[in-house]
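Trainee: Would you mind keeping the following structure in view while I ask a few things?
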């Protein structure tokens, strides 16, 4: 190793140039690496949506949903298929098995569904496929064009703004939502149809025939060539009105204009109506390329939009920004960078106090160097700077100086022996080079197995091991190759001799601290070494108790520690609006607008904007619920520094959400309390963490829906009344409600009498109700659908009120031409009023009802506890519900998968660390002693959580896995020094005491720097991260415990192992051998 150090010293100029180049490249990468709130996460889910207008939930299930499910049967690596069938809509959700080839499975799924298109009803629309990933759900920003003008005018303005946004560098896509689809409606008067003896289909066919253009080839005359076409497309209102339907016997022509109430450009009945702050709006969702910088793109979009707003201010147009990801990014960067900078300052201060100013600067320079190198690697590997990578930097801000402290301490110890500076650098660096490499490698190997976490959660957290490994690798390079040169160039020339407990760089303050501390430590150590058996038994008992507490809490058997998967913060919250069955989309839109206006009336310090939509809502698991009775309001909060929540001065987000629930429910009660159309509201946050779904999600499946309903009633009653579940909030299920349905049922005898089939009769009904497509109508450079339909009494401009006003009116519409008089629709079908369910839900092909709920903030009730109690209760009632099964989704499912993956990763990390240590020490016992520090850390984590009443989260579990590498570093260096003293001939006890004397100071310094690097995040100074604070707390308490017990217990374990080794050698007759390293 000395040869390597000497060569490094000779290459000082080259290495200094490399050092500067890395810093320059890091600064360049910092400004050119993509910035976003969260890393892209592939959810491995596909939503297949099919629109079948006019069909009941039962018909949608049997004619559409079940056929799609049958087509998907047999696809490998499908975890579940979940479906919802409701009036007009079928939604099939397919979740692939984690970490399979999602894209290949998606292609196979799409092929299978499209292959059965002919088996679906011809009236049904083409199935739409939506592949779920965070890039799809999370735009950079949404630009809302708001104005009290027609939708058509808003669409023209949106098209103009969209073209400008697409030219901004980094913008991948701009999607428009809220626009109405234009159609040309030829609205027929049923009375005129009967008077003239004309059927609905005759008119539709006449218009379709007149609106036909067919290319017929080419014709060549001399040297000129002509293109030939037959027919023409209708392109004006008059052309439509002039279409001949029939020639009467007196020679007069009956034209479309003689039969219609109107023939105008109109709009298709909307499936979604958008609004912003209660006003008409069109919404542009801006999505970025993978290499795009969210902050720069959002700023450019906002700048362009404000200029656009100024240009069109005279038209009453305003621009509102919603779904603004930069609010989250800026708040997260502000909090995490504040934590990191304060941590770095505290680390530098400690280094200054313990090592002196010059040495502190030599050590601290490795922090920015490591981070800049890590950013270079992030850019090179195609990743982004995001909230999780910033947290990773905070996590290692105190760890990355450990190598430098150990090397600097050892170099100065050799200088205290009277060696020259170059000789001290050579001997000091070479002496600890292998242990330092091993300690860095063990830390990296503790984090890398986190990459085996499965699913979207694993993908979400995969940034942590990558960013941590990059930073640690860079810090190791700096400590081994750059720091020795800097010590030679800028280190002090004369060093005072060492004193007991104060080897290494000294300061008058640290001399006063470490000298008496060493005396106290030596007395305690002597007591423990004299009572080794009692010490180990006591420690084992404490460790087993910690395991028991953690196991009981995580499994939910006894919740001694509060457990939550990911207590994420939020920057937006949702108001899901569910209206009674049969509510029109216009009525739902009115409620959405009322709620939006109520929210924004609270002021911009509580809500920046309220983005409304009628026709769907998106739940906590990012699943879409479509239908006219559904709506949502997405409320964007202001930046953290601008918030002012009147109900709680601390601006606590969870308390604010409870306040909003109370306020909006009071508003609904006041405004709609006595109405039959009173909406049901769900209020939930849009969490910033991985998608997990609701805290409680119990699926009840069976062979028949009636069996499922009976079991669901019993379970819901139990969850709603038992005192164990008093902290459940918003308990609900997704069972169907009853809706009145008008059915037109074919009269079998009449249908066959006129040479038709029941399907043909049904098609006549559908045409009369929904209209018939008659080709494209060209107007002003665009083509729109031309629809021949029956006039409706409420059509705009229909002053006479002619047309369909009640469902029975279509029975008088002529549908078949007859010699005497046309056959009316009422001759072929009869009309009945029935009650049918509004929705049919299935899970893996079985009828299913899902019971879901949230858990109140701060509650000790965990999802695991709910699962244990529900399973125990269901075992007692299972005999009463044969064929019914329960399963758990939502947060419990996410927690179970993540924790299972992390347990596996934890043992993989321990195995890798053991292999590295066994390679260095060439021993079986000593690596096990070093790894025992992990148990010390776990004791600190568990009792730290218990004492501080902190929440054990997925981040806390990640901290335990990470501590497996960090905690062993001190014991690794300590045992290495004990071995060196033993090889030098020192007796066992003397070697132990001397090694502890030499290593106590650097062990405490490295621990304090690591803890101080994380302490601002753990306690929330200058800002607290709800998501990441528990992980930092676990790291701080675990490392504190590990360090204390390493200094006290590892010497005891070392003496025991050496005593056992000598005993075994005497028993086996082997000669005593020198201690290996």
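Heads up, the Cβ atoms here are built off N, Cα and C, so glycines get one too.
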Trainee: With TrEMBL as the source, identify the stretch among 954-975, 976-997 annotated transmembrane segment.
Mentor: 954-975
Trainee: Examine the ranges 360-378, 493-511, 512-530 and name the one recorded by TrEMBL as transmembrane segment.
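Mentor: Range annotated as transmembrane segment by TrEMBL: 360-378.
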Trainee: For which of the residue intervals 878-897, 898-917 does TrEMBL record transmembrane segment?
Mentor: 898-917
Trainee: Quick one: sort out which of 310-330, 541-561, 562-582 is the transmembrane segment according to TrEMBL.
Mentor: 541-561
Trainee: Quick check: do the transmembrane segment (954-975) and the transmembrane segment (1027-1052) share at least 3 Cβ pairs under 8 Å, counting only pairs 6+ apart in sequence?
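Mentor: By the criterion, they touch.
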Trainee: Can you tell me which parts of the same chain pack against the transmembrane segment (336-354), counting only residues 6+ beyond its ends and a CB-CB cutoff under 8 A?
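Mentor: Counting only partners 6 or more residues beyond its ends, the transmembrane segment (336-354) has Cβ contacts under 8 Å with 360, 363-364, 367, 387, 390-391, 393-394, 397-398, 401, 405, 505, 507, 509-510, 1001, 1005, 1008-1009, 1012-1017, 1021-1023, 1025, 1028.
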Trainee: Taking residues 6+ outside the transmembrane segment (1003-1021), which of them lie with a CB under 8 Å of any CB in it?
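Mentor: Distant Cβ neighbours of the transmembrane segment (1003-1021) are 336, 338-340, 342-344, 346-347, 350-351, 354-355, 391, 394-399, 401-402, 405-406, 409, 966, 969-970, 973-974, 1028-1029, 1032-1033, 1035-1036, 1039-1040, 1043, 1046-1047.
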Trainee: Given a Cβ distance threshold of under 8 angstroms, which distant residues of the chain, six or more beyond its ends, lie next to the transmembrane segment (467-488)?
Mentor: 5, 8-9, 12, 15-16, 19, 362-363, 365-366, 369-371, 373-374, 377-378, 388-389, 392-393, 395-396, 399-401, 403-404, 407-408, 411, 421-422, 425, 429, 433, 436-437, 440, 443-444, 447-448, 962
Trainee: With Cβ-Cβ distances below 8 Å as the criterion, list the same-chain residues six or more beyond the ends of the transmembrane segment (360-378) that contact it, or say none.
Mentor: 19, 22-23, 25-27, 29-30, 33, 344, 347-348, 351-352, 384-385, 389, 393, 396-397, 400-401, 403-405, 408, 466-467, 470-475, 477-479, 482-483, 486-487, 490-491
Trainee: What else in the chain is close to the transmembrane segment (12-31), if you only count residues 6 or more beyond its ends and a Cβ gap under 8 Å?
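Mentor: Sequence-remote neighbours of the transmembrane segment (12-31) are 368-369, 371-373, 375-376, 378-379, 385, 478, 481-482, 485, 488-489.
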Trainee: Who are the long-range neighbours of the transmembrane segment (541-561) in its own chain, taking Cβ under 8 Å and residues 6 or more past its ends?
Mentor: 860-869, 899, 935, 938-939, 941-943, 945-946, 951-952
Trainee: Sort out the residues at least 6 away from either end of the transmembrane segment (432-455), same chain, that have Cβ-Cβ distances under 8 Å to it, and list them.
Mentor: 1, 4-5, 44, 98-99, 399, 402-403, 406-407, 410, 461-462, 464-466, 468-469, 472-473, 475-476, 479-480, 897-898, 901-902, 904-906, 908-909, 912-913, 916-917, 920, 958, 961-966, 968-969, 972-973, 976, 1077
